[in-house]
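Here's what TrEMBL has on this protein:
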BINDING   74, 76, 223, 311  Zn(2+) binding site
BINDING   103, 196, 226, 311  substrate binding site
DOMAIN    66-415  domain 'Amidohydrolase-related'
Ligand SMILES: CSC[C@H]1O[C@@H](n2cnc3c(O)ncnc32)[C@H](O)[C@@H]1O
Ligand SMILES: [Zn+2]
């Protein structure tokens, strides 16, 4: 019998269950993940891993499940500082009477830094390892994400009108591409186009975006079809439904991410399918703002990529992707009157591989496979409310919450240990959030 010298590696994580997402529905028991240079180099039974590898850091989690890190495919991180400030309003009232005036008064680089840190801490503590963000001062968001060690797709905002961060489409694009340039060597940050919505960007602005996105091969992230009113307004103003208009303007393509997508007709869906664009479903925000329903069962049957997003904490009101998975699964069943719609494994796939596909990151993220990045979370299944465990995937989607996540790794770096983020100062973040609340509340009354 030959005894080979163990291979020295960076990290070996062993756990009771591993849910790799690919192959679909797979659950491995008592396996280990070997990581070196930020990449998964092997997934194998624990006893074999012990013999084959000599890890600089090893951890055994006998009551945990490991999954790919969750991908929150749509949000406005800094808006966490507006959490609970304007509840129980429909979208347009919420935006025009509460949020946009508050943003006009309060948003600054400091606001975005403190709000994004608050959001990133919450996301890391609930299993998100990649988030997509659309907000003012994307340069600040990119810096906060890099420092925290979390992966981010940052969609720089584009409007037809001036805001605190830009003047007109050309100016927003120029500033956004400068941020992209600043982070072009970053392992964690990707910067993409973020035209806000069909109702806030003109045809000319959208055409500019589509031409540049095609030329530079950059993704486009846009709110679309959030409500029936948006569709009716577009019909009145342009004589076209938003999807047909965006298609004519060249916005739809395989690297386009369509956020919300309620009030869809068969023709809208056919256009999206033909374009290869992805849909980012935000069920909790859609429910809270009474926006409408995204027909995820039909979209999934058509082979359209579905990712999940929380939207900002001012319309959710949290950033827990476990809650989003559960709501997505329950809502899909209610809307389609089919209890098998968006089964547990499909909801998990939407929050992992679906997100990675939508963000054009699926060659490196979204599943636990050899050669992919080591973006991994550990969920503690020992809690009383998770007993007994028949089906780990069911438990993740229908029972677990973000607070069951105890550890996470991004690009092989441990960013959460025993629920404590490695690179963020929680007491300081809480104190700053409370200071903002104190300032904002005094001017409200
Ligand atoms: C500066 S870019 C982001 C911009 O979008 C606003 N916003 C937040 N949530 C929504 C939503 O659900 N639909 C449309 N716009 C939204 C946010 O307040 C910022 O102004
Ligand atoms: Zn949004």
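One is the number of the first residue shown, and numbering goes on along the chain from there.
Keep in mind that glycine also has a Cβ here, set from the backbone N, Cα and C atoms.
Note: TrEMBL annotation is automatic and uncurated.
Shown on the structure are the features that TrEMBL records.
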| residue | record | CB count, 10 Å |
| --- | --- | --- |
| 74 | Zn(2+) binding site | 27 |
| 76 | Zn(2+) binding site | 25 |
| 103 | substrate binding site | 20 |
| 196 | substrate binding site | 19 |
| 223 | Zn(2+) binding site | 23 |
| 226 | substrate binding site | 28 |
| 311 | Zn(2+) binding site | 29 |
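Listed binding-site residues: 103, 226, 311. Those with a CB atom under 6 Å from ligand 2: 311. Taken in sequence order, the binding-site residues 74, 76, 223, 311 that lie near ligand 1, meaning a CB under 6 Å from one of its atoms, are 76, 223, 311. Checking Cα-Cα distances from residue 196 (substrate binding site) against the binding-site residues (76, 223, 311) with a 10 Å cut-off leaves 223, in sequence order. Mean model confidence for the domain 'Amidohydrolase-related' (66-415) is a pLDDT of 98.
Among the binding-site residues listed here, namely 76, 223, 311, 76 has its C-alpha nearest to that of residue 103 (substrate binding site). When the alpha carbons of residue 311 (Zn(2+) binding site) and residue 226 (substrate binding site) are compared, the span between them is 12 angstrom. According to DSSP, residue 223 (Zn(2+) binding site) is assigned to a strand segment. In the three-state DSSP scheme, residue 196 (substrate binding site) falls into the coil class. Using the Cβ center of 74, 76, 223, 311 for Zn(2+), the list of other same-chain residues with Cβ within 8 Å runs, in sequence order, 75, 134, 259, 260, 280, 282, 285, 309, 312, 315. When every Cα pair among 103, 196, 226, 311 is compared, the largest distance found for this substrate site is 20 Å.
Separating the Cα atoms of residue 74 (Zn(2+) binding site) and residue 226 (substrate binding site) is a whole-number distance of 13 Å. Taking the C-alpha positions, the distance from residue 226 (substrate binding site) to residue 76 (Zn(2+) binding site) comes to 16 Å.
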